[in-house]
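Peer 1: Before I ask anything, let me first share the structure, which is written out below as structure tokens.
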Amino acid sequence: IAATQPSTDWHLKENARDHHTSKFSSKELIVRRGQAFIVTFNGTEQPEQNLTFIAETGPKPSKLAKTQATFGISSTVSKESWSAVLQSTSSNSVSISIYSPPNAVIGRYKLSVQSTSGDSSSPASLGTFVLLFNPWSSGDDVFMPNKAECEEYVLEEFGIIFAGNKNHINSFGWNFGQFQGDILNICLSMLDRSLNYRQDPATDLSHRNDPKYLGRVLSAMVNANDDQGVLLGNWSGNYAGGKSPSSWTGSGEILQNWKKSGFKPVRYGQCWVFAAVLTTVLRCLGIPTRTITNFSSAHDADRNLRVDEFYDANGNHLDRAADSVWNFHVWNESWFSRSDLGPSYSGWQVLDATPQEESGGIYQCGPASRNAIKEGDVDLDYDCPFVFAEVNADCMYWNYDPATGKKTLIFSKSTTIGQFISTKAVGRDDRVDVTNDYKYEEGSTKERDIFKKARKKLGLEDKFDPTAPTPQEIDQKPDISGKFKVAGPLEVGKDLNLILVLANLQSDAKTVHVNMTAWSTVYTRRPVHDIWKDSISVILSPKEEKQFPIKIPYPEYHQQLTTDNTIQVTALCHVEGGIQVLVQRDITLDNPAIDIQVLGEAKVNKEVDVEVIFTNPIDMELMDCVLQVEGNDLLRGILEINVPPLKASEKSSTKFKLIPFETGPKHLLVNFSCDKFSAIKTFKMVNVID
């Protein structure tokens, strides 16, 4: 080989088109494993049969660790190992097709070429390329036969995340932005900052061909616990010193901030932020991934498939248990095969980057096979008992006396947890319910059998649990029933109107003393501020139903409200001569609406005006108003606009310009915040034409 450095043509456009990597905005070749790519180089004076190629990755490449491959030119591609086939030659250049095996380690590779004839010259570097997972290739662990699903779960940069509560599901848009500028490099540096890599780089690299391994490592790296990962969680309701979790609109800003700060954890995340960032990273690396929202999600801290909630005599929800039931929780599903468990456990795998419980000594969770969860196979790797409990745990509600430490069961329920499990539809902005993929129909014998099977596998069936209620406690029958009905709009800025309905189930009169409370909470139902309390005593005639209207005026709750807009209302009913009855309801208030109008046609590289319209719905002035706008291929980075204060009932119109730079359906995301309302979000699909 000549002493001059060979010049390399990586055929960026053609290779990117063939490998579904055109959306990356990189000057470096990015290809997928298990598929050939073309390279042309010149400056070799040797006959091509004398050339040897070396592809290597990581700081200490070795053949043994599968991080180095040496291969010559052969007549056909080998499916099992790296190989090269001659495409064409001219007087001074060679075009070859290089094939990587479908189980190759992913990451940044250095490609060199060396002459094998007599002289011992050192290899000449052809440059670097990045190798990713390949869901389009049938040999890959992440192979996804349905092309529309590949498009959605790997190439789609816009997502919809579901939130709210089981009575009232709402949703917001998210910009995953996995192909933005520097995101791929940030994802690769995440791998190099993991605990596994720091402890043993060579072993870590040799496992980077395995989506199970990378999914688990990245579920730990997205949270800051243990490893100075990307996001610091905060569920206190006070987000001073950082951004409130509900104010983010995309992953790009979070990942860029992490890198810019010298990899200091970004403040702050909550479950959907962790899940959205993990979606970005896994889609970027080529592992099909989506976000999943579970409503009434159990956090079972003590692995007994039971969550305990405690209330005092006044009906206050006590924050004293490690267990909790969240209004909703967001995690991820990634698609890959499970050679470690067998084919029936392949397909969607649950990963969860929210730091809830340690697994193997650090905050990571998964991959747990979704099929294993449905079948109650909680003894299989990884973290199946925790995920099984999130969708299946039984709920126990206790009355707790702080003075004596005595607890009395109020009631238990086995059908509360794990409802309306939701994800975005493929190719559409709709909600799809996947509850039946996680469990058999609630209340069916099959579902109870699976629950018993899981309890048995966890050794819970045969050991005495002193904290469990007695069968007598569980079988007690209440004399009255109660529920809260909504009587009016559930909107921030409006009074909250409810009706407490109490019904006497017996044929003799009952005297009931009712203690009612309302607390602002975060979405995990952790109480933050008390808002209102009241108590009444009523006599219910035999079989009588009575209604008691409740009104909590906006001025009484607005300062206590958290950014989640959630209020928990509780009535603890002490029935004379009978057992207590707990009536509760979690309320999620909607933010006022905000509207986006695109004024005219959106064309590539042409300015188009956009107007955002918002009307102040309350009779107070709104201060500190900020509008945040982002959207892939519509604008670069995030546009932040300060909006003048808005008087009571005043309408504001904010105009700005976009210059779209790609054709096709794009999503514009808007987030409006002020001193009285946090994170009013909306999105609009913009069809960009030539």
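Using the three backbone atoms N, Cα and C, a Cβ is placed for every residue, glycine included.
Automatic, uncurated: that is what TrEMBL annotation is.
Predicted, not measured: the structure shown is a model, and the values here were computed from it.
As annotated by TrEMBL, domain 'Transglutaminase-like' applies to 263-355. According to TrEMBL, the feature active site maps to Cys271, His329, Asp352. Under the heading Ca(2+) binding site, TrEMBL lists Asn392, Asp394, Glu442, Glu447.
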Peer 1: Taking only the Cα atoms, work out how far Glu442 (Ca(2+) binding site) lies from His329 (active site), in Å, as a whole number.
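Peer 2: Here the two Cα atoms lie 19 Å apart.
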Peer 1: Restricting the comparison to the recorded positions Asp352, Asn392, Asp394, Glu447, which residue's C-alpha is spatially nearest the C-alpha of Cys271 (active site)?
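Peer 2: Going through Asp352, Asn392, Asp394, Glu447 one by one, the Cα closest to that of Cys271 (active site) is Asp352.
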Peer 1: In whole Å, how far is His329 (active site) from Asp394 (Ca(2+) binding site) when you measure between their Cα atoms?
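Peer 2: Between the Cα atoms of Asp394 (Ca(2+) binding site) and His329 (active site), the distance comes to 17 Å.
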Peer 1: Compute the mean position of the Cβ atoms of Asn392, Asp394, Glu442, Glu447, which form the recorded Ca(2+) site, and then list in sequence order the other residues of that chain whose Cβ is within 8 Å of it.
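Peer 2: For the Ca(2+) site, the extra neighbours are Val391, Ser414, Thr415, Ile417, Gly418, Lys439, Gly443, Arg448, Phe451.
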Peer 1: Take the domain 'Transglutaminase-like' (263-355) and count its residues per DSSP category (helix H/G/I, strand E/B, coil), listing them in that order.
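Peer 2: Helix, strand and coil residues of the domain 'Transglutaminase-like' (263-355) number 18 helix, 41 strand, 34 coil.
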Peer 1: Go through Asp352, Glu442, our recorded positions, and report the one whose Cβ sees the most other Cβ atoms within 10 Å.
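Peer 2: Per the Cβ count, the most surrounded site is Asp352.
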Peer 1: Out of His329, Asp394, Glu447, which has the highest number of nearby Cβ atoms, where nearby means within 10 Å of its Cβ, if these are the recorded positions?
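Peer 2: Ranked by Cβ atoms within 10 Å, first place goes to His329.
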Peer 1: Between His329 (active site) and Asp352 (active site), how many Å separate their Cα atoms?
Peer 2: 10
Peer 1: Per-residue pLDDT averaged over the domain 'Transglutaminase-like' (263-355) comes to what?
Peer 2: 96
Peer 1: Only counting partners 6 or more residues apart, tell me which same-chain residues put their Cβ under 8 Å from the Cβ of Asn392 (Ca(2+) binding site).
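Peer 2: Set apart from Asn392 (Ca(2+) binding site) by at least 6 residues yet with Cβ under 8 Å, we have Ala298, Leu305, Ile417, Gly418, Lys439, Ile450, Phe451, Ala454.
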Peer 1: Can you give me the Cα-Cα distance between Glu447 (Ca(2+) binding site) and Asp352 (active site) in Å, rounded to a whole number?
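Peer 2: Glu447 (Ca(2+) binding site) to Asp352 (active site), Cα-Cα distance: 24 Å.
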